[in-house]
């Protein structure tokens, strides 16, 4: 009765209710093999269809609800017409391959049926049913059979790499900064004399205690002094320079609409991140910020610069472009100049641009220079741009994060071609999500994206060949867990704070240890645990030894079963045709877009005709084309980069490349290592170069004096004879000591000799 009316009836005392046992899916996934765990995840995704996908939690109160930092910039970017993405091309090729495999299998089954025409009809029906079931299983599951799963579920072996203990010859020379930065360890944000709007923003962002670099920098920055600070990545440098700058702007409001603060950053993504943090810190005050980085719309940036924002965050190239082509924009009113990641900006092609920007800035300014490592170039820049700077050294960037677990996989000699197979095995079997894979070149990153995508993994890529929209979209998808693996070059190795990165894999060892520390610094950030796995060949053993020597925690060597590597190597060889097919689709699409663009321009010219307005003047630059060409040639790594010199060399290189054809796996790996070695060689040459002569010697920071070792006094013949001091004379008269006599084997000499005192004589009586 109650059930008919729609009511829930009560349970009686005598009734037994079946309670389903609770299972923890996460525990099951960890215990079971990872290949099978992938299927369970797919089933769980299908189960989530019971819930309404449109359901959204209510937004947090306040202007900034902790949403993604780059979402605003991504919305501003112009979205091009929907062309097929790389993932769509990969999916198309995968489907084509699957249909071909099915057709081949169905052809085999038909032949078997023809061979067994004389069999009973019941047996035929059973065979048909089995074939249908098998095909359904193949569609739902991955491409692996039960035999493959037995190989794939073999466990890797881990060994602890012990470093060879050697006697220390002496303390190594430290960096340029002395480790004597005085700051109050108990200092809080409330004790820093910051304005209420800033304290409110700090609380809204969830900051509780300042980091060491913030405790050291903010009080000095508020005094208006120049700062030369050295701190590792992920230590809160952005807030360390943003808070004193914002406090200065609030305390001293502007009289005229001018830009007063300039922040220079090396990469676009880091610029967007700094802009986002600054905007959030200034959310409760009327300070305006502007972002001028490459890849974004030039016209909208020019309009924003005409409005004279208080703070400008820019990359060097785009800033110089605006300075030479935007008439109303200048840097003569800059009060504070901030150089973030200065060592990175002077590493490659920014040196001349940095000098040009500093030349155009106001001379009466406060300058803050932040650098992870202090090179000679940074030192030169500091001597030119800073006036009586306060040197702050909190922590060097030569150490990895404390909770990072470092693992290395040895690549045997003549086995360099196994790198792709090993990476694929790691990503398919062990590290399935929240992984960053670093490669040396853009070409290899693109290839790994295609290869892993064809294996059915959710992959994205991030490198310099992509447009700004594609780069930000890849970061957004990785952050939102739409993709599990992000393949990147060193563009993503600096400054980017990507939440939840569990594992970093190095396809090859990077150029220097400094680059290695930056790469593995993407994980184990802010006290979290993380893991790095690096593939090390014979030519990279020297760097491995240095890393093991510097490591505080034990370093482990991971050994993959040979069966697994061979299995994935065979699979990659079979996929080469599919990789080529995806690359062909990309090339065709590029040609189509190019021809469409030419047709559109021709149509526009025909429509406008002679009445067309004069074209816009070309954008000027501080260097001529020849000067830029010379600079590129000087910094080129190898011969094909030197093709910039002329058409003949370029044609010659292209002919040789066509003759060779497609590179093998061994050649690709060697090419990656070669690039890293050439960079390291160039760096070594630069370090050997004679330093610039100066009229006045620079003030070197006073290094901590080395501990004096107790020197054993050695007797010297001439010194004993010529030393006429009171102490030496007394020692000479006393003769050798008891210990010296013992060493020389002399008998113990009684001081008194045979002389008997009166007291002794009296006792005998």
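For all residues, glycine too, the Cβ spot is worked out from N, Cα and C.
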Residues flagged as motif 'DEAD box' in Swiss-Prot, choosing from 328-331, 332-335, 336-339, 340-343: 340-343
Segment assigned the feature motif 'Q motif' in Swiss-Prot (from 187-215, 216-244): 187-215
Swiss-Prot annotation (motif 'Nuclear localization signal') - matching range among 164-169, 170-175, 176-181, 248-253: 164-169
From 1-48, 385-432, the residue range that Swiss-Prot assigns the feature region 'Disordered': 1-48
Same-chain residue ranges lying at least 6 outside the motif 'Q motif' (187-215) that approach it to Cβ under 8 Å: 62, 64, 222, 229, 231, 235-237, 239-240, 243, 246-247, 250-251, 280-285, 392, 394-395
Secondary structure tally of the motif 'Q motif' (187-215) (DSSP, helix then strand then coil): 18 helix, 0 strand, 11 coil
